[in-house]
């Protein structure tokens, strides 16, 4: 009798273990869209000419853990405006993929470049503010930016 009940619960136990095995790896893992936002969005960031902006932001956004990320760009526009770029001019990505899009208008950005001679753990960045078109790679449902590909000057 007890054996029959145990055997009846076996398929349920197997199902629970399969679901846990499928769900568990994705728990706590940052999505590509969230990583893009962490690494590139600073909608509330001031456009002051603070020379330590990049040093502070790169550290705060976890891009100097274990190494110094050599180049990064922060976009100072509302997230929805950056997400809208995914429905603007389609361009080829630097890696040859076809899922990149160029913003139809210039956006306020800050470029951060690792200064020569800078070594981990003392990552030091040069901060330069610009107004440029951005190019982002998009994917997913909803279709959102997942990679910052480039920034380009106005071609007029």
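Positions of Cβ are set from backbone N, Cα and C atoms, glycine also.
In Swiss-Prot this protein carries:
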ACT_SITE  40  active site, proton acceptor
ACT_SITE  147  active site, proton donor
BINDING   35, 38, 69, 70, 71, 72, 73, 94, 113  substrate binding site
CARBOHYD  62  N-linked glycosylation site
CARBOHYD  90  N-linked glycosylation site
SIGNAL    1-28  signal peptide
Count of other CB atoms lying within 10 Å of the CB belonging to residue 147 (active site, proton donor): 20
Residue among recorded positions 35, 40 with least C-beta crowding, 10 angstrom cut-off: 35
Nonlocal residues around residue 73 (substrate binding site), in sequence order (Cβ under 8 Å, 6 or more apart): 40, 109, 110, 111, 112, 134, 148, 151
Cβ neighbours of residue 62 (N-linked glycosylation site) where a neighbour is any other Cβ within 10 Å: 12
Separation of alpha carbons, residue 62 (N-linked glycosylation site) and residue 69 (substrate binding site) (Å): 10
Euclidean distance between Cα atoms of residue 113 (substrate binding site) and residue 90 (N-linked glycosylation site), Å: 27
